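Everything below concerns the one structure shown next.
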Amino acid sequence: MAGGAPAAPAPAGREEGECRLGAGDPWGAHPAVLHLDIDAFFASVEQLRRPALRGKPVAVGTGVVASVSYEARRFGIRAGTTLAEARRRCPQIAILPGHAPTYRAFAEQVFALAARLSPDIETFLDDALVDLTGTERAHGHLIRAAARLREEIERRTGLSVSLGLATNRMVARMVTRLAKPGGLAWLRPGGEAAFVARRPIEDLPGVGPRRARLLREMGLTRIGELRRFGAREMRELFGEVGLLLAVRARGEETRAIATRELPRAIRRETSFDAPRVDADGLEGMLHYLTERAGAQARRLGAVPRRLRVHARWADGAQAVRSIALGGAACPSERLCEEALLLLRALRTRRLGLRGLGVELSGLAAGGGSQLGLFDDGEAAGARAAADLEPGAAGSGAEAAPRAARSVPAAPARGRGALARPGRLSARRAAALDEVADEVRERFGFRALVRGR
């Protein structure tokens, strides 16, 4: 077992062993799985957004703590602690409600960087598993490649991540715990059984509080002690899951890294501190949100079949407009034009907007090709009627019949406010998206903002 970045010793408290980086990659033909975990994710993002909170105790949550900074953990505050208890233990703690879209955007940046090491990546809320098996020729020494990834993530996002490298996903997750916070730890092939045997019984996936309590009542405190039981006894104790626990207690894991299925939808939304009535500002924000949603769809290799724009007025009323996209890939230029038309159609009130969002749904695998939504440049023939979909708080004008709310067909090229004589062909628009995506991946999304 070895821990810490290759260029520096592991921090105190981490298990550390021999690691001869100059002796060649220890993985060779063995499987290699990298586990990446964003440290104190939500709280860390809030400290980045609010520099005054850096180095101070921070908790994110409503009712109970969902994420807590390491500064607050010194007071015994953990995820699941009630906010009242958190305030009692640390009166100076800053408690924030959180903002899911912001956290999602940060996570996407981190996962996009990790995906450069391998396309076989399985992502979760604040962590990911990357299959590095057989990538030595591309990346060289895998431990060094992992160290470079950690440094790049911190440089580009400001976030600290912990990394664990092992031969399977279960052990990689366990190893990551030794690297926290902000470190890199690894377990050489062949050491899985001995390493897992020393871990506390609660560390074994599938052993929750109830099972852990039962096992401790039986005098079992370490995972390796489960090996004294045969398969039959494990089944009698825990049912069918007992067989799986027996396998895991040997440090074995049969599940491969699986790329996540396409999500049901991609949403990007924002809230305004004060109601917004300026059309230019609202359309600029929607343009930005739509571009972000489109970039995520392309990153997933997904083609959206429906575009939805939703708005929330100052009085809480909501309304949604949507349009069918026809199932063909849509360059950002035209996707944004469709979204702006939907926004203009749903703004039927004089009140300002407190919230605005866009959603791409009906996602289907689209490969790597980028075909235009309207290859001939004529929007009218392919446009579907856009319906008003009453929101949970919809009332009054927002609850009018759908037939009276359909969006008019888009004008042919050159005649409408959104149609431009210089519009790119589908192929060139796709090429532009590809270049824009690459620039943003390297330098951040705001490094390149498309004009309207």
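Glycine residues also receive a Cβ, built from the backbone N, Cα and C atoms like all the rest.
Automatic prediction, not curation, is the source of TrEMBL annotations.
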Item to check | Annotated range (TrEMBL: region 'Disordered') out of 1-22, 243-264, 353-374 | outcome: 1-22
Next on the checklist: Which range is it, out of 143-173, 391-421, 422-452, that shows up in TrEMBL as region 'Disordered'?
Outcome noted: 391-421
Checklist outcome for this item: The mean pLDDT across the domain 'UmuC' (33-208) is 93
